[in-house]
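Heads up: the structure comes next, in structure tokens.
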Amino acid sequence: MKILTWNINGIRASRGKSSAKSLLDSLCADIICLQETKITRDMLDEPTAIIDGYESYFSFSRKRSGYSGTANYCKKTASPNKAEEGLTGKCSNHSETTVGCYGNMESYSDNDLEALDAEGRCVITQHKIRLPTSEVKDVAIINVYVPRAGEKEDRLHYKLKFLSVLQSRCEALLKHNIHVILVGDMNLTHQKLDNCESIYDEDFLRLPSRIWFNEMLQESEHDPSIPCVDSCLNEFTLPDREGGHFSDIFRRLHPDEENAYTNWHTTTEHRKTNYGRRLDYILVDTELAKFATDCQILSQVEGSDHCPVIMSLNCEPVPSTVSPQHCSKFMPEFKGQQQKLSSFFIKATTKDINDGSIANSQSETCVTDILTVDEDSDSTSTPKSVSSEAETNKVLPSVHPSAKLSVKRQTCEPQKSSKKLKPDPSTNKQVSLTSFFITSNPSVSHTLSASKQNNVKSTNSLTKQNCTQSDSDSPTNSQASLLSGSSDAKSTKNTTINQAWRTLLKGPAPPPLCPGHHEPCILKTVTKKGPNKNKQFYVCSRPDGAPGNPEHRCNFFQWLGDNQKKHSK
């Protein structure tokens, strides 16, 4: 059984022109857990939700469009028997196919719990698996997209509440003898091996999210350099928290592997130099972790600033015979129960218009009937009679019987185009903008005017000649010479105009060469808020990487304005 997690950074953007099925099939996993899908409930379309061979389960952001979102795609051979959106149960309909087991969350208000599930950061599917011992066990796969705190204090508090509720839910499921596999983008790095940055001081170690992650793992996988207590974390911790029930599968199987990263900064091209972080994890409870046989980081898979992580379990999925209520195929628009706009435009026959009934069939004809409705007429007026029985049975749009109908017939023959002819450019006396920048040269202007007149005369003579010789298939030699003369005059005029613009506008200065590699630099724009926002600057064109490596980007920097000043001198 293979389980894959991937922060896809927009499911529609990642798949590109290919179908969702081809994307899922290429990942070669039984259960595919995606984060940051960036689709809301109103944006979900059928090609994304209904995929042949898969069942889909979504969690949507209710705060803003194109933000956050998680999804589980399960093969039919590994279909779940229960599913649920969110961690707190506030988004659930609490049916028989709901996962349940929420733990003690009384310390948080209803508003806090609703806010934690309002961003679509968690979806849970519960499956049955058959172990090598032939035992059939329940396992809950919790797919999460942990919030990023940044430098905002309120987002840090939101993240710590989310992590506390997540731990409470995981431990509650374990108490009900349900195995737990926790996957997703955790937005944190655990050990020094998981971060490319050389700065690894006390402030880095004491971040509350890393302390929480360290305590979630079993004691043998703890990082001893990370402290055990944090006042900020304890402020938002729920009661009855235990910890120590999970194993980081990648580090369990590859404890000393370096440069194993799953996320890179795209703006600085860190992926080319593998200068990144490991933010995506697969945590399995210690009892089930014994059956993990492999875990790999698929860094070759592109399409996002993250890459997938896949795990193999020595067990066999037992598919469910009945899909949970949360499955996307039960949504009204995909089940066929939602009333569509097209249902308001049902066609009816002229006979059924008088009876008020709707016809189920529609005849095919090459005649278009146009109905004009006059609501001011009296209700006793009826449609005009039609000339034949076939026209009487013709299908017409449904209209109220009291309306006055007049039927007009139009054939399907294509109408002739009524486009206006373009005026002769020779008669246009408006001054061109380029005339203000062309140096006055009597000989050139005389040549252009003469060629212009010759062009007009040759065109007129050519038109007359074509009218008299309409049966001929190819132009004569005189016509060809006239056409070549007009093209030469036109090319001469274009050359003169191009030279005038090049004299006026010299174009941008060539990019400077970086001193480290003597290569042309690239132009970038400041996006950070401040006095320099939207200003452009030059930097080394090579991708960023570890400091001190001469093959990576050097420290060259130059504002665009400074380079233009040097070029003008």
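Note: Cβ is positioned from N, Cα and C throughout, glycine not excepted.
Automated prediction, rather than curation, is the source of TrEMBL annotations.
Long-range C-beta contacts of D185 (Mg(2+) binding site), restricted to its own chain and to partners at least six residues apart, with a cutoff below 8 Å, comprise T5, N7, Q35, E36, V144, Y145, V146, N263, L279, D280, H306. Residues or ranges marked as Mg(2+) binding site by TrEMBL: N7, E36, D185, N187, D305, H306.
Look at TrEMBL and you will find Y145 tagged as active site.
According to TrEMBL, the feature active site, proton donor/acceptor maps to D185.
Per TrEMBL, the feature site 'Transition state stabilizer' maps to N187. Around the Cβ of N187 (Mg(2+) binding site), the same chain contributes V146, P147, R148, A149, K159, S209, L279, each under 8 angstroms and 6 or more positions distant in sequence.
What TrEMBL lists as site 'Important for catalytic activity' is D280.
Residues annotated as site 'Interaction with DNA substrate' in TrEMBL: H306. Here the Cβ of H306 (Mg(2+) binding site) has 23 other Cβ atoms within 10 Å, regardless of which shown protein chain they belong to.
Look at TrEMBL and you will find H306 tagged as active site, proton acceptor.
Taken from TrEMBL, the feature region 'Disordered' applies to 374-429 (among others).
For 379-388, the entry in TrEMBL reads compositional bias 'Low complexity'.
The annotation region 'Disordered' is assigned in TrEMBL to 445-494 (among others).
Per TrEMBL, the feature domain 'GRF-type' maps to 514-563. Remark: secondary structure over the domain 'GRF-type' (514-563) totals 4 helix, 12 strand, 34 coil, with classes taken from DSSP.
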(Q) Return the residues near D305 (Mg(2+) binding site) by Cβ distance under 8 Å, restricted to its own chain and a separation of at least 6 in sequence. (A) N7, N9, N263, W264, H265, T266, R271
Q | Remaining residues near the recorded Mg(2+) site, that is with C-beta within 8 Å of the centroid of the site residues N7, E36, D185, N187, D305, H306 | A | N9, Q35, Y145, N263, L279, D280, S304
